[in-house]
2 protein chains.
Amino acid sequence: MEKLKKYVSVKDEDHFYHQGAVELLIFNFLLILTILTIWLFKNHRFRFLHETGGAMLYGLLMGLIIRYVTKSPDVESGTVYECEKLKSGPSTLLINITNQVYEYQYKREISHHNVNGHQGNAMLQKMTFDPSIFFNILLPPIIFHAGYSLKKRHFFRNLGSILTYAFLGTAISCIVIGLIIYGFVKAMVHIGQLKQWEFHFTDCLFFGSLMSATDPVTVLAIFHELNVDTDLYTLLFGESVLNDAVAIVLTHSISIYSPKENPNAFDAAAFFQSVGNFLGIFAGSFAMGSSYAVVTALISFMHLTKFTKLCEFPMLETGLFFLLSWSAFLSAEAAGLTGIVAVLFCGVTQAHYTYNNLSPDSKMRTKQLFEFMNFLAENVIFCYMGLALFTFQNHIFNPLFIFGALVAVFVARASNIYPLSFLLNLGRKQKIPRNFQHMMMFSGLRGAIAFALAIRDTDSQPKQMMFTTALLIVFFTVWVFGGGTTPMLTWLQIRLVLVGVDPDEDLKAKAASQSASNLDKNTTKAESAWLFRIWYGFDHKYLKPLLTHTGPPLTSTLPEWCNPVARLLTSPSAYGDQLKDGDTDYIINNDELTENYEPSAHIPAPAQDSTGSIQATGKEDIQEGDLGLGGYKLQLQHTAHQPQKNSLA
Amino acid sequence: MEKLKKYVSVKDEDHFYHQGAVELLIFNFLLILTILTIWLFKNHRFRFLHETGGAMLYGLLMGLIIRYVTKSPDVESGTVYECEKLKSGPSTLLINITNQVYEYQYKREISHHNVNGHQGNAMLQKMTFDPSIFFNILLPPIIFHAGYSLKKRHFFRNLGSILTYAFLGTAISCIVIGLIIYGFVKAMVHIGQLKQWEFHFTDCLFFGSLMSATDPVTVLAIFHELNVDTDLYTLLFGESVLNDAVAIVLTHSISIYSPKENPNAFDAAAFFQSVGNFLGIFAGSFAMGSSYAVVTALISFMHLTKFTKLCEFPMLETGLFFLLSWSAFLSAEAAGLTGIVAVLFCGVTQAHYTYNNLSPDSKMRTKQLFEFMNFLAENVIFCYMGLALFTFQNHIFNPLFIFGALVAVFVARASNIYPLSFLLNLGRKQKIPRNFQHMMMFSGLRGAIAFALAIRDTDSQPKQMMFTTALLIVFFTVWVFGGGTTPMLTWLQIRLVLVGVDPDEDLKAKAASQSASNLDKNTTKAESAWLFRIWYGFDHKYLKPLLTHTGPPLTSTLPEWCNPVARLLTSPSAYGDQLKDGDTDYIINNDELTENYEPSAHIPAPAQDSTGSIQATGKEDIQEGDLGLGGYKLQLQHTAHQPQKNSLA
């Protein structure tokens, strides 16, 4: 008897293993379907559905099936048991049931109103995985990849505008959404459409901050495919990357904003504390991320110079790179900072310094690895979003609230883009044209981050309603706006370089002409040049030589008395590698910049001519193209003075 | 008040997130340390500690720290609560504690004797992760990689011996260990060293089967590095790969072996049912794995011929490849078969067919991806093994039992290798020499699979004792035998080709000389040639043309009346690609084989000359070298008649 029982228990356990396999299999199946569909679409040049949209659609269908086809097998569920002996919820609960001890693990605290029959559908429950998986596993590779593949040159040229949109714009968006939603909620309570829940202004701001994270992955993919104007691409990409970071820290700060007495009244102390929190968390995460990257750079630097052996083991190099980058995320989380922000800046710094120290094999491996992880994680998240519409068990659909939120989101996007563009254009030599502004307005899609922030807290009813609303807004924007990108580009007459020609045949010609048309813009000084110049000088003179093999040797940039230290820290190859400086593309046509570093007697100045030719070294270009999905290499030489305006639009 | 509570709950949740981050960070930290150490060791050519051994050592130290430095913060733990209302353990338990509902998730059933104070140390608990993570996440990439990187040519040449060692050898090992342990346990009970637990013969066989899974990863790495005789490498590698599969299915079959009445008596019906289970599970898993690979091959085949576009998107191709391979594992698990076996044969089949259809970019991506995943997963598992010694909470150390198990393991290995080698040598033209046999005996390390099988079931006290013992045997064999590999090779006078010379400089020379010394062996017909020949003919005539672009067109191999179907199924490029047949290395010096396919009039026969030159095409060779860690390319031409015996030993 005892024996038999054991066998039964073993079989039960096996059943549990298989359960895990079934859910993973469902995800695999959805992803395979998505890939096959997207491949078909790419093959026929349908651009109205991006892979993320497809993943969401399949997830939705699968969620529908799981919800209405599978039965709830667990009759005990939905019943609340009393336990008088316990004072608080321990992390592990041992329960004696008919003389057999079972171990239960704490999952969460749930509100009384959430205790309903659906809780027990084991399948639904298994499919709704822990939000911490989003934050610890799925988001970091996406964000890191965004940082790692940032088009540095264009990014730094538009740094001022991007920072303005990202910081000021997100703050504006958050406040505008918060205010509109607050008004809407008040009105709804007034006309009796909404029960008098505790729906405070902070809740509205919380919603505002999470809905401010834009995710134009669909739009950017189409831009990339159609070779849309690089400045527009950079503005949008840079904004969306930084804006995620800002929105996450903002949400975090708002959620820990706790006014002392009346939560509706404005509490100046608490407010300033929140602002302080925001700045502290942001700066801390930034520092954490960059320092991990600097450590990686130093390790990989050491490898090349002193031991010169790690590059023989690209696997170890790649492994170290991967683990240190992930550690940046985890350390920030463990320290109470924001891991996403840390991993973003870690990615940017890795690309800027460490990348140059890696062996050629590792360069390719890391890029392909992160590209692949990004691809998988992105599609898993969008799949899951589709699933969540039917498998999440505490949705609260409120059509009026959803309508209000949609209005708020659009108004907020408009009051972010248009006023800020106007202000920026006052300072910019190279204006952001009207049609670019409309396109940026149109590209305010919501995606993974908004969803992840919303699902992180779904305890109270207002939070559940927000989650449902956020999910529907993601659906709406990804399908409608994502699908409408190509028509919108045509309608707004945004320059597409050589559209309609087979992208493979004319890739080089296209790249050449595009760069040529950008070049005449370059000759006008970019608006952020002063910021850029200061940073560039410091970076080129001190950081690059210290962390990589490029740039002038430290002995020439540091004051005389630092020479012994400088000699120790400079890579021996730096003296010889001057001509191979991977950063020449930074300084083209910025003659003022060349004054910033004085070539010492024995070192030839980096080759640069004032005719404006782009000396695109392989190094930087591989870095900047998105490998695999149609990356190309700039092969332009001396065409700057014959700008070919090839725009068809 | 209500408000405040919510904030507290949010912070609690945050605390939980950070917990997850801390544990992952610990693993990251351990892996980083491991990589740095190994890099240092490789740099100084220390070969007595492999990365897995290092990972285990660091895990052990970290486990020690966690165990004795962190405190148990949870006072409620270790207390068992009564619940009269419940009849069985539901998967989700809702409990009302002081008017707040908490959700608890079913974790496992635990025996009364396991209820002790340590249960509640949250840190320890978090560090001991779910065994299903091993089976669903960590093991599949390792096993797949083993299958995918199998050196096909040598593997098939030694197929008979490998199958004998793997099937017969593992069965012998299982029974011998089972018998010795059973005797030991009886003796221990007799002298009062062991309480009279229910320690049945099936339990002993269970232990025998799980301890029969060898994992000579350390030894193989050294072999690879030192360029040890390829036949020895292949025998050992092939045996260890297949033997894992056999041991897993064997363990599964034994665990569901349930004699009707007295569990100690021999029940013929139950025994034959177990044998049937074994065969059924093995065959089913094999079929599942290969069919997924065939589907992948067909999809990738379609891509190249009909749509010719997927190869433009290596990301999609890689993604599909990855997902379908993982699905093979998951489907087998979901169907109640053995995923590990499925994924192993999936890997072998993918390498044999699909690999040829992939674009060059995808070939490299898939290899690097799986190599990297294998590297990470392996080190995580070994790290975790180190950790488990201190963090697992229900160890039962019994020195006598451990000693008995060690003896049993060695006796079993000996009665596997020596008698089977003797039998095989009766049939083999090219004998397995004595020193190879000793080396194989010596290489019977235990590793990941034995550990994973043991941790899967630790409910009863005998199972816990087995787990502890298995863990210690893994430690012992990995450190002692793994570390002693290099001295052992010298002592056994096993040929190391050009040892002591810098491996990078003389790589090609070494490869050439090694192959040359192998060639004269090839001229003697390998013992498994008849099996090999039948398979080869079928594969070359029907499967290869159907699934890849190599081999003769189906129109020439199928009977006349099948022509319409054959024409449909043959790749148009097959007619032209005859000379590029990637499998020429299969058929060298097996002139009998060439009779198996009749070249049709318009197709030239694959180039092959009887002088015995290896026409190593790039395709197969890249496949066979382990990329990244010193892979090389065969560059031998017409050297067969001047065999250079370069063996230093």
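A Cβ is built for glycine as well, from the same backbone N, Cα and C atoms used for every other residue.
What TrEMBL records for B:33-491 is domain 'Cation/H+ exchanger transmembrane'.
What TrEMBL records for B:600-626 is region 'Disordered'.
Listed as Cβ neighbours of the transmembrane segment (B:20-41) (distance under 8 Å, sequence separation of 6 or more from its ends, same chain) are residues 47, 49-51, 54-55, 58-59, 62, 66, 126-127, 376, 379-380, 383-384. Among the features that TrEMBL reports, transmembrane segment is placed at B:20-41 (among others).
Per TrEMBL, the feature transmembrane segment maps to B:53-70 (among others). For the transmembrane segment (B:53-70), the residues of the chain that approach it from at least six positions outside its boundaries are 26, 30-31, 33-34, 37-38, 41, 121, 123-124, 127, 218, 379-380, 382-391, 474-475, 478-479, 482-483, judged by C-beta separation under 8 angstroms.
As annotated by TrEMBL, transmembrane segment applies to B:133-150 (among others). Through the fold, the transmembrane segment (B:133-150) approaches residues 237-238, 241, 244, 325-326, 329-330, 333, 339-340, 343-348, 350-351, 366-367, 370-371, 373-374, 377-378, 380-381, 448-449, 452, 455-456, 623-624, 626 of its own chain, all at least 6 residues removed from its boundaries and within a Cβ separation under 8 Å.
Residues or ranges marked as transmembrane segment in TrEMBL: B:162-185 (among others).
What TrEMBL records for B:205-223 (among others) is transmembrane segment.
Long-range contacts of the transmembrane segment (B:278-301) within the same chain, counting only residues at least 6 positions beyond its ends with a Cβ under 8 Å from a Cβ of the stretch, are 245-246, 249-250, 252-253, 310, 317, 320-321, 324-325, 327-329, 331-332, 335, 337-350, 353-354, 357-358, 547-549, 571. Residues or ranges marked as transmembrane segment in TrEMBL: B:278-301 (among others).
Residues or ranges marked as transmembrane segment in TrEMBL: B:335-355 (among others).
The feature transmembrane segment is assigned by TrEMBL to B:375-394 (among others). Beyond the transmembrane segment (B:375-394), the same-chain residues lying 6 or more positions past its ends with a Cβ under 8 Å from any Cβ of the stretch are 27, 30-31, 34, 51-53, 55-64, 66-67, 114, 116, 118-119, 121, 124, 127-129, 134, 137-139, 141-142, 217, 447-448, 451-452, 455, 458, 464, 467, 471-472, 474-475, 478.
Residues of the same chain lying 6 or more positions beyond the ends of the transmembrane segment (B:400-424) and with a Cβ under 8 Å from any Cβ of it are 160-161, 164-165, 168-170, 172-174, 176-177, 180-181, 184-185, 188, 193-194, 207-208, 211-212, 432, 437, 440-441, 444, 446, 465, 468-470, 472-473, 476, 527. Summarising the annotation, TrEMBL assigns transmembrane segment to B:400-424 (among others).
Per TrEMBL, transmembrane segment is recorded for B:436-455 (among others). A Cβ distance under 8 Å defines the sequence-distant neighbours of the transmembrane segment (B:436-455), meaning residues of its chain 6+ beyond its ends; these are 52, 131, 134-135, 138-139, 142, 209-211, 213-219, 229, 231-232, 235-236, 239, 244, 247-248, 251, 340, 378, 381-382, 385, 388, 392, 409-410, 413-414, 417-418, 421, 463, 466-467, 470-471, 473-474, 477-478, 481-482, 484-485, 488-489, 492, 494.
With a cut-off of 8 Å between Cβ atoms, the residues of this chain six or more beyond the transmembrane segment (B:467-489) that come close are 47-50, 52-53, 56, 207, 210-211, 218-219, 222-223, 226, 228, 382, 385, 388-389, 392, 395-398, 401-402, 405-406, 409, 439, 442-447, 450-451, 454-455, 458, 496. Residues or ranges marked as transmembrane segment in TrEMBL: B:467-489 (among others).
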